[in-house]
Amino acid sequence: SVVKSEDYARPSYVDRRDYPLPDVAHVRHLSASQKALKEKEKASWSSLSMDEKVE
């Protein structure tokens with residue numbers, strides 16, 4: 001059988017309680033709505049709705 005090796009060029013994500021906000025994104029492949037929200041986040045956050053801020 002073939003063993004798939006990790007891509008060590010990308011930082012690995014480890015969920016740790018002592019370091020709660022790592023630099024690595026939790027989702028590698030964003031949906032269309034998530035991408036739209038990311039673009040909207042680049043502008044002023046005061047324009048975001050409460051639901052968008054929680055998302």
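Glycine is treated like the rest: Cβ placed from N, Cα and C.
Every protein chain considered, the tally of other Cβ atoms within 10 Å of the Cβ of Lys4 (N6-acetyllysine) stands at 5. According to Swiss-Prot, the N6-acetyllysine annotation covers Lys4 (among others).
If you look up Swiss-Prot, you'll see Lys4 (among others) marked as N6-succinyllysine.
Sequence-distant neighbours of Ser31 (phosphoserine) (same chain, 6+ residues apart, CB-CB distance under 8 A): none. Residues or ranges marked as phosphoserine in Swiss-Prot (evidence: similarity to another entry): Ser31 (among others).
Taken from Swiss-Prot, the feature region 'Disordered' applies to 32-55. Outside the region 'Disordered' (32-55) by six or more residues, the chain places nothing with a CB less than 8 A from a CB of the stretch.
Over all protein chains present, the Cβ of Ser33 (phosphoserine) has 9 other Cβ atoms lying within 10 Å. The feature phosphoserine is assigned by Swiss-Prot to Ser33 (among others).
Contacts of Lys35 (N6-acetyllysine) defined by a Cβ separation under 8 A and a same-chain sequence distance of 6+ are given as none. Under the heading N6-acetyllysine, Swiss-Prot lists Lys35 (among others), citing similarity to another entry as support.
Residues or ranges marked as N6-succinyllysine in Swiss-Prot: Lys35 (among others). Lys35 (N6-acetyllysine) carries a helical DSSP state (H, G or I).
In the three-state DSSP assignment, the secondary structure recorded for Lys42 (N6-acetyllysine) is coil. Long-range neighbours of Lys42 (N6-acetyllysine) (same chain, six or more residues apart, CB within less than 8 Å of its CB): none. Summarising the annotation, Swiss-Prot assigns N6-acetyllysine to Lys42 (among others) and lists similarity to another entry as the type of evidence.
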